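Enquirer: One structure is given below, represented as structure tokens, and several questions about it will come after.
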Amino acid sequence: MGKSVVILGAQWGDEGKGKIVDLLTDRVKYVVRYQGGHNAGHTLIINGEKTVLRLIPSGMLHPNVTCLIGNGVVVSPEALMKEMGELESRGIKVRERLLISEACPLILPYHVAMDHAREAALGKKAIGTTGRGIGPAYEDKVARRGLRVGDLFNKEAFAEKLKNILEYYNFQLVNYYKVEPVDYQKTLDDVMAIADVITGMVADITTILDTARKNGEHILFEGAQGTMLDIDHGTYPYVTSSNTTAGGVATGSGFGPRNLDYVLGIIKAYCTRVGGGPFTTELFDDVGAEIARKGNEFGAVTGRPRRCGWFDAVAIRRAIQLNSISGFCMTKLDVLDGFDEVKICVAYKMPNGEIVEYAPLAAKDWEGVEPIYETLPGWKENTFRITDVNKLPQNCINYIKRIEEVTGVPIDILSTGPDRVETMILRDPFAA
């Protein structure tokens, strides 16, 4: 009997989802992206070779897997072709194994221009977007003015729609933001040059998934970003523009929610965050700097340094509620090697003195929040590349067990290094 498994970030993104998707892809027929765009940065290291995938599902490195991009994903034709080219230069037959929903909104140059113009205008109050046009493309979708993949089939109608929407954007860019307009003809020519390649990969994603389920095939849904960046449930307004939680699978792919069997939440052994927004356990001392150094905490897409802090069980409890998480995969356990002590945030003290065990929603409600920590003995032994849980230091095992206790969710997979083989699967999501 086939299983449908969701892999998603349970923190603020950058948890190591790409490696785990790649690891579990050996078991599946389909890997599906259902939200986000090329603002994702899924880093895979296989046999020492590094690959960063931003838009194409991580399953593309497995020749027997078909990769699907669902309607909830915003697609940059330029970014897609660039990524396809990189993979095809390595002999990977992308066009034979990548299928795209015709309902995917397109990201075009005016979205990118608007993204940059807005962030520049906000100055120090900027959200900290990746500047790739993701937000403006989702805005167009909701406003029902956006161009979609399906529009590429009718080139004349596309050209007319593009002209109208570009007038709307250029008016704002020139008159309000005082920046250069986006050139209509160049935008049209660039898209038309690759339109046939993209339309050649269009398919009915919902029917493919439903048929696969009925045929007993394993399906893996690959989330991007993280739970606390969800447009509705994250630390608004410091969030991304899509639903990063498990509910996004149904809306972003057309796969019925009752058909999901297991939700795997990816967590780091500590916490990180990129860009602005609240981060209760953030460390500003030498410990935080050491975690960042050992964890190589720089964004795969932006290259920006990540903010680092202790494990936040309060935020994780909210993620468990939102996603109905079945089990965790803990990554970067080895980064905590060598510390005299490690800490887990088990509650927040609110400005009014109230003690809470679940994170607030809006960013403004995090102001003045203080972390309440449990301190555990650290471990000096090296856990890097250990693949037998019985060989982990006892204090490390105690740390893992305590996180399971304070969250109420089992840790089913442990990662002790960037390569796919540096992993311990304690309970297989496809066998659970």
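Glycine residues also receive a Cβ, built from the backbone N, Cα and C atoms like all the rest.
Marked as active site, proton acceptor by Swiss-Prot: Asp14. Annotated active site, proton donor per Swiss-Prot: His42, in sequence order, evidence recorded as sequence analysis. The feature GTP binding site is assigned by Swiss-Prot to 13-19, 41-43, Arg306, 332-334, 415-417. According to Swiss-Prot, the feature Mg(2+) binding site maps to Asp14, Gly41, an assignment based on sequence analysis. Positions annotated as IMP binding site by Swiss-Prot, on the basis of sequence analysis: Asp14, Glu15, Gly16, Lys17, Asn39, Ala40, Gly41, His42, Thr130, Arg144, Gln225, Thr240, Arg304. Annotation comment: Swiss-Prot describes Ala300, Val301, Thr302, Gly303, Arg304, Pro305, Arg306 as substrate binding site, evidence class sequence analysis.
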Enquirer: Within 10 Å of the Cβ of Lys19 (GTP binding site), how many other Cβ atoms can you find? Include all protein chains, please.
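Expert: I count 25 other Cβ atoms within 10 Å of it.
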Enquirer: If you count other Cβ atoms within 10 Å of each one's Cβ, which of the binding-site residues Gly16, Asn39 has the most?
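Expert: Ranked by Cβ atoms within 10 Å, first place goes to Asn39.
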Enquirer: Between Leu333 (GTP binding site) and Gly41 (Mg(2+) binding site), what C-alpha distance do you get in Å?
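Expert: Between the Cα atoms of Leu333 (GTP binding site) and Gly41 (Mg(2+) binding site), the distance comes to 20 Å.
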Enquirer: Taking each of Asp14, Gly16, Asn39, Thr43 in turn, which of these recorded positions have a Cα lying within 10 angstroms of the Cα of Arg306 (substrate binding site)?
Expert: Asp14
Enquirer: Fill in the CA-CA distance, Lys19 (GTP binding site) to Gly41 (Mg(2+) binding site), as an integer in Å.
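Expert: Cα of Lys19 (GTP binding site) to Cα of Gly41 (Mg(2+) binding site) measures 11 Å after rounding.
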Enquirer: For Asp14 (active site, proton acceptor), name the DSSP secondary structure in the helix/strand/coil scheme.
Expert: coil
Enquirer: So, three-state DSSP: helix, strand or coil for Lys19 (GTP binding site)?
Expert: helix
Enquirer: Per DSSP, to which secondary structure element type does Arg306 (substrate binding site) belong, with helix, strand and coil as the options?
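Expert: Its secondary structure by DSSP: coil.
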Enquirer: Judged by the number of other CB atoms within 10 angstroms, which among Gly13, Gly41, Gly303, Pro305 is the least packed of the binding-site residues?
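Expert: Fewest other Cβ atoms within 10 Å, among the binding-site residues Gly13, Gly41, Gly303, Pro305, is found for Gly303.
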Enquirer: Could you round the CA separation between Asn39 (IMP binding site) and Pro305 (substrate binding site) to a whole angstrom and send it over?
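Expert: Their Cα atoms are separated by 16 Å.
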Enquirer: Sort the recorded positions Asp14, Gly16, Gly41, Thr43 by C-alpha distance from Thr130 (IMP binding site) and give me just the closest.
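Expert: Closest by Cα: Gly41.
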Enquirer: For Thr43 (GTP binding site), what is the secondary structure state per DSSP, taken as helix, strand or coil?
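Expert: The three-state answer is strand.
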Enquirer: Where Thr416 (GTP binding site) and Gly41 (Mg(2+) binding site) are concerned, what is their Cα separation in Å, rounded?
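Expert: Cα to Cα, Thr416 (GTP binding site) and Gly41 (Mg(2+) binding site) are separated by 20 Å.
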Enquirer: My understanding is the cutoff is Cβ-Cβ under 8 Å with a sequence separation of 6 or more in the same chain; which residues meet that for Gln225 (IMP binding site)?
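Expert: Sequence-distant Cβ neighbours: Gly9, Gly13, Gln35, Gly36, Asn39, Ala40, Thr240, Ser242, Thr244.
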